[in-house]
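Undergrad: This structure is in structure tokens; I'll ask about it shortly.
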Amino acid sequence: MRKQDMNRDWIATARTLSEALPYLQRYAGSIVVVKFGGNAMGDDEAMADFARDIVLMRQVGVNPVVVHGGGPMINEMLDKLGIESEFVRGKRVTDKKTVEVVEMVLTGLVNKRIVQAIMDEGGRAVGLSGKDDDLMVCVADDPELGFVGKPVEMNVQVLHDLFAAGIIPVIAPVATGMNENETFNVNGDTAAGAIAGALKADRLLLLTNITGVKNKDGEVITQMTPTEVRDMIADGTIAGGMIPKTETALQAVEEGVRGVVILDGRVANACLLELFTEHGAGSMIRSTEPSVKPRGA
Ligand code: ADP
Ligand code: MG
């Protein structure tokens, strides 16, 4: 690179930092819940990039909460252990043996991998599951599907305690039930939504493997109201895995989360792009809150 070009590069970097000021001011002290899906996780480099974004958020005064998934890692371990699952209406039944593996993989392997990545980037992270301090208490979502939990009671004081200590909570979507020694697996989106709702978070970022919610023509919609989302679910424009995701978004907004963004976690610095630049990223679902930034420019 020629010296002159290099200078231009640094000037652009300085400008980017300067332009981030209103966003840094807006988000200082806010709570941002980030769902990091098993499919968005990728390789070590992607994990380190994600961890860096989270540490940067904390560094500039945001209180980030990471809620993770781990579907692919659970399936791999079930295969290794030769545990075969029963399916009802195309959905896996989470029996006692399966939920043991789920808890092992999510609270053990996946949770600690993320905690370690954040520590490696110079942040402070503590891993917990819904069981810790009764953070998330569930009942069976559909008894036919076994131990798949629907959150019914949230106790988020422990998260506020961690925020006050400057610690980033990393949460595995495994929860306690109403009966003694009961364990539930909770869908990662659902868990993130329930936690964001209970915290009345400023933002819930659902990182996935698509650029956003698309309309019939396949274009990403940058802004949606809850009514528009309901219409798109009703007419089939939103389908498959996007249904539980958008339904989570609707419920979170109803519970007081100011905005939910569905965005591509495979893009480098996805969280920073959304929070701290004029560009934004993905699809934002919220009621009618005025914004400091015009979206989708
Ligand atoms: P995750 O693993 O992050 O939970 P899912 O596969 O469950 O992701 O859900 C996202 C998927 O939903 C997309 O990859 C896409 O195939 C599907 N989908 C269905 N309808 C839409 C839509 N209108 N816009 C975007 N994605 C959609
Ligand atoms: Mg999904």
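Indices start at 1 and increase along the chain as displayed.
Including glycine, each Cβ sits where the backbone N, Cα and C put it.
The following feature annotations were taken from TrEMBL:
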type	residues	note
BINDING	Gly70, Gly71, Arg92, Asn185	substrate binding site
DOMAIN	31-263	domain 'Aspartate/glutamate/uridylate kinase'
SITE	Lys35	site 'Transition state stabilizer'
SITE	Lys245	site 'Transition state stabilizer'
Undergrad: I'd like to know which of the recorded positions Lys35, Arg92, Lys245 has the most other Cβ atoms within 10 Å of its Cβ.
TA: Lys35
Undergrad: Centre the Cβ atoms of Gly70, Gly71, Arg92, Asn185, go out 8 Å, and tell me which other residues of that chain have a Cβ in range of the substrate site.
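TA: Filtered neighbour residues, in order: Gly38, Gly69, Ile74, Asn75, Thr94, Val102, Leu106.
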Undergrad: Between Gly70 (substrate binding site) and Lys245 (site 'Transition state stabilizer'), what is the CA-CA distance rounded to a whole number of Å?
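TA: That separation, Cα to Cα, works out to 16 Å.
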Undergrad: Going along the chain, which residues six or more apart from Asn185 (substrate binding site) have their CB under 8 A from its CB?
TA: Thr94, Thr98, Val99, Val102, Glu103, Leu106, Phe147, Val148, Gly149, Pro173, Val174
Undergrad: By a simple count of other Cβ atoms within 10 Å, which of Gly70, Gly71, the binding-site residues in the record, is least packed?
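TA: It is Gly71 that, of the binding-site residues Gly70, Gly71, has the fewest other Cβ atoms within 10 Å.
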Undergrad: Looking at the recorded positions Gly71, Arg92, Lys245, which has the shortest Cα distance to Lys35 (site 'Transition state stabilizer')?
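TA: Minimum Cα distance from Lys35 (site 'Transition state stabilizer') across Gly71, Arg92, Lys245 lands on Lys245.
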Undergrad: In whole Å, note down how far the CA of Gly71 (substrate binding site) lies from the CA of Lys245 (site 'Transition state stabilizer').
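TA: Cα of Lys245 (site 'Transition state stabilizer') to Cα of Gly71 (substrate binding site) measures 15 Å after rounding.
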Undergrad: Widest Cα span across the substrate binders Gly70, Gly71, Arg92, Asn185, in Å?
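TA: Those residues reach a largest Cα separation of 15 Å.
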